Amino acid sequence: MKLLLLALPMLVLLPQVIPAYSGEKKCWNRSGHCRKQCKDGEAVKDTCKNLRACCVPSNEDHRRVPTTSPTPLSDSTPGIIDDILTVRFTTDYFEVSSKKDMIEESEAGRGTETSLPNVHHSS
C-alpha cells in the first residue's frame with residue numbers, strides 16, 4: 001500500500017518533469033512542435049517556453065491565421081436573430097414578512113396554546 005502511495009505521485013509528476021514523456025507541446029497554430037533543436041527539414045518559426053524553438057516543417061507554407069476577424073455591426077440588418085436576442089423583462093412579486101409576523105401567524109393557527117401572562121415588576 002505504501003508503494004502504491006509513493007508510485008502515484010511519481011506518475012502524476014512525470015509528465016511535468018520529462019517533456020518527451022508528455023509529448024512535445026504544439027506551437028504555431030498547432031502545426032509546429034517545441035523542441036530544443038529542430039530536426040532536418042524543419043525551420044524555426046517562433047520561440048516557446050523554456051528557451052525552446054518552435055519547429056515547423058519547412059516544406060509547407062505556414063502562415064499565421066488570424067484567430068478573430070472583426071464583424072461590422074453597421075451592415076447588419078434586423079432579422080430573426082434580433083427576435084431571438086430580444087430580452088423580455090418580467091417582474092416577479094414577492095411577499096416580504098418579518099419574523100414577528102410569522103410567529104403571530106403560527107400562534108394564531110395553533111389555537112390551543114395560551115399567551116404568556118403579563119409580569120409586573122414592583123420597584
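Glycine is treated like the rest: Cβ placed from N, Cα and C.
The model shown is predicted, which means the values in this text are computed figures rather than measured ones.
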**Study point:** Among Cys38, Cys48, cysteine joined to Cys55 by disulfide in Swiss-Prot
**Key:** Cys38
Point to revise | Cα distance (Å, whole number) from Cys54 (disulfide bond) to Cys48 (disulfide bond) | key: 6
Review point. What count of other C-beta atoms do you get within 10 angstroms of the C-beta of Cys54 (disulfide bond), across all chains shown?
Key: 21
**Study point:** Structural state of Cys48 (disulfide bond), classified by DSSP into three states
**Key:** coil
Review point. What is the one among the disulfide-bonded residues Cys27, Cys34, Cys38, Cys48, Cys55 whose Cβ has the most other Cβ atoms less than or equal to 10 Å away?
Key: Cys55
